[in-house]
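**Q** Here's a structure for you.
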Amino acid sequence: MYANWRWQYHLQKCVKAVCTFLVDYYLRSVIILPLCESNREWILDMSKRDYYEVLGLSKSASKDEIKKAYRKLSKQYHPDINKADDAADKFKEIKEAYEVLSDEQKKAHYDQFGHTDPNQGFGGQDFGGFGGFEDIFSSFFGGGGRRRDPNAPRQGADLQYTMTLSFEEAAFGKDTEIEIPREEDCDTCKGSGAKPGTKVENCSHCHGTGQLNVEQNTAFGRIVNRRACHHCQGTGKIIPNKCSTCGGDGKVQKRKKIQVKVPAGIDDGQQLRVTGQGEPGINGGPAGDLYVVFHVRSHEFFERDGDDIYCEMPVTFTQAALGDEIEVPTLHGKVKLKIPAGTQTSTRFRLKGKGVPNVRGYGQGDQHVVVLVVTPKKLTEKQKDLLREFSDISGQGVDEQDDGFFSKVKRAFKDR
């Protein structure tokens, strides 16, 4: 009876030790190591600057403040204007911050979680109780968790191209041709990477599987793990005679011409996706996309806010006092604008439909004309005499209609 109890006791200790070792090994090799590998980008994201800090704003900034800050900084650091070494990186950082903070849904998500994606977690790993001990043993004897097939079709990388437009080109759109560098199949080897007249062969080390069995002797016996074959980089294929043109890559850098239709109403910082014009796919996968990012040069007379256009028009004291009809430049040509008698400086007039077309086709913006009354700086003696006479006839410096404003000013001074 005592011997049987001792045997059971030692058996339990042995089983416990084996299980502890297996769980520890499983945690290290199947969970922790893949986490470190797959979450390298996530870890790097933690070092990103705060998007509000990038734009020089507080978290309470309004949508208009975000847009104004982006426009100012994007013009300051645009690579076409700023030739500093870090200008391109700063411009990319500014654009990334604006894309998030200008979108209400993305902004709300960022305000709550920052750069961390709670849905992604740690590399999308599903722990689910570690899947039971059958998963642990399968990692030792040939299973080893999920692995990406190196020969599976994969989508090509996306490309980005920056296009500079004039103010008018952005407003009316244009058809243009751009030339971009991208990887394409080598003409010499037709994308195989092998020298013409030769072929790609199965790897002799892994027999074309891309995986090798690695044996490891432990105190508990021999353990077999599957690892990617380092001779063929897990592809199962080797190229004995590489193509001299591409060096065995099967891809070469080429310049491709692409037709781009710039939509009317495109604004500074917006982008256009051209589907399927990115890098070609891998192993027969689909091509990536091309993103054309637009930089719109500022105009010397017009200023844009969304689909509306703003401009300032100077008028003389006489025109403002007596009224007049003036010509105002617009993107669609000159138009007549009636200035009523008694118009004050900074009065705003609206020209319906003279703005920029909405980029999504939802109507057209307006043009806002701000009138600035110009005070003459140089006067002849006759002009001075006439103005003095006008002042004497008026009998007071300010019209009665303005008494309300000035009485408020007087009361404000009395209160202090």
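Residue numbers in this text run from 1 along the chain shown.
Cβ from N, Cα, C; glycine included.
Sharing the record's features from TrEMBL:
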DOMAIN    50-114  domain 'J'
DOMAIN    173-255  domain 'CR-type'
ZN_FING   173-255  zinc finger
BINDING   Cys186, Cys189, Cys243, Cys246  Zn(2+) 1 binding site
REPEAT    186-193  repeat 'CXXCXGXG motif'
BINDING   Cys203, Cys206, Cys229, Cys232  Zn(2+) 2 binding site
REPEAT    203-210  repeat 'CXXCXGXG motif'
REPEAT    229-236  repeat 'CXXCXGXG motif'
REPEAT    243-250  repeat 'CXXCXGXG motif'
**Q** Below 8 Å between Cβ atoms, which of the listed ranges 186-193, 203-210, 229-236 makes the most pairs with the repeat 'CXXCXGXG motif' (243-250)?
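**A** Answer is 186-193, with the largest number of Cβ pairs below 8 Å.
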**Q** Summarise the zinc finger (173-255) by DSSP state, stating how many residues are helix, strand and coil.
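**A** Across the zinc finger (173-255), the residues distribute as 0 helix, 39 strand, 44 coil.
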**Q** Same chain only, please: residues at least 6 beyond the ends of the repeat 'CXXCXGXG motif' (229-236) with a C-beta under 8 Å from a C-beta of the stretch. Say none if there are none.
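**A** Same-chain residues near the repeat 'CXXCXGXG motif' (229-236) but 6 or more away: 150-151, 202-203, 205-206, 208-212.
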**Q** When you scan the chain for residues with a C-beta under 8 Å from the repeat 'CXXCXGXG motif' (186-193), skipping those not six or more beyond its ends, what do you find?
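**A** Distant Cβ neighbours of the repeat 'CXXCXGXG motif' (186-193) are 199-200, 239, 242-246, 248-252.
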**Q** When a 10 Å sphere is centred on the Cβ of Cys203 (Zn(2+) 2 binding site), how many other Cβ atoms does it contain?
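**A** Summing over all protein chains shown, Cys203 (Zn(2+) 2 binding site) has 19 other Cβ atoms within 10 Å.
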**Q** Using a Cβ cut-off of under 8 Å, list the residues of the same chain at least 6 residues beyond the repeat 'CXXCXGXG motif' (203-210) that approach it.
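**A** Residues packing against the repeat 'CXXCXGXG motif' (203-210) from afar: 149-151, 228-229, 231-232, 234-238.
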**Q** Using DSSP, break the domain 'J' (50-114) down into helix, strand and coil residues and give each count.
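**A** For that range the per-state counts are 45 helix, 0 strand, 20 coil.
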